[in-house]
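Below you'll find the structure, written out as C-alpha cells, and then a few comments.
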C-alpha cells in the first residue's frame, strides 16, 4: 500500500499478479521514481556549500577585526610614547623656569632694562675716570647781535679769579650792603663808575639787588636810561641776562664764602649755554660755595642727574676755581 503522504507523481505503480483465481483482490507495487531519489542528495550538498561559504566569510571578518584591533593597540602605544615625551618636555621647561626665576621685586618687562641701565652707568663712570682735563680746553660762548642801546645790552666786567685771593674770606659777599671798590683796570675801555655807583636803590633794599632777588623782571628798576645811553655801541651784548647786575667785588671773593646766588651767577657768567639749566637745580639743593668746591662727577651724575658732558664741564670749572686761575669770557 502506498502511504497517504506519497504522491502518485513521484512513485511508479505496478500490478502484482495473483495465482488464486477465486480471490478478486488486486495487488500493486509502488516504487519511487529515480529522479526523486537523486534530488535529495543535491539539496544536502547545496546546504553544505552554503555553510562553508558562510564560515569563510565569518573567518575573513574575524581576521579583519583582528587586524583593526592590532592597529588600534599600536596607535595606543604610540600615543602613550608621545604623551611621555610631551610631559618630559614640560617638566624640563618648568624646571628651567624655576632655576632662572627672577628676583622678587623685579617685573618681567623691567628687569632687563634696569640691568642695561646699570651697565651704561658703569661704562659712563669708567669713561669719566679715564677722562683727562687738558689745559687747552676753552668753552665757546655764543655771540648775539647788538640790536639797540637798551639797558639789557650793558656789558659785564671780565670775571677774574685772581681777585678772590686778595679778598677776606670772613666777609659775606651777598649780605654786605656797601659796594666793594672798583678797579678801573679791569674794565676794557669804558667807564663803569656810574654802573657800580652806590645808589640807594641798588644796595639799600633787597628788591633793588638783582642777585639777591632772582625774580627781578628787568634792570630798569636799578638803572636809568642815561646810564644805558652812556655805553658805547661797539660793545657786544652780554650773554647773561637780568641776573648779571652784581658788583665785581662781591663775586671775586673766595669761592668758599659764596652764597647760593653767587654760585648761580658764577654758572651764568662762566658758561650760560651749558650751565644755565643747572640754576634751578642748584637753588633747590641750596648749593653754596663750599658745596660747589666739594662737587664731583659721581655726585653730579648719580644724585643730581646731570648729563655727562655738563658734569665734565662743571668739574673743569671747579678745578680751575680750586687752582685760582683766571679765565675771561
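Quick reminder: no glycine exception, Cβ is built from N, Cα and C everywhere.
Of the listed segments 78-97, 98-117, 118-137, 138-157, Swiss-Prot assigns region 'Disordered' to 138-157.
Mean pLDDT for the domain 'SAM' (258-325) in the predicted structure: 87.
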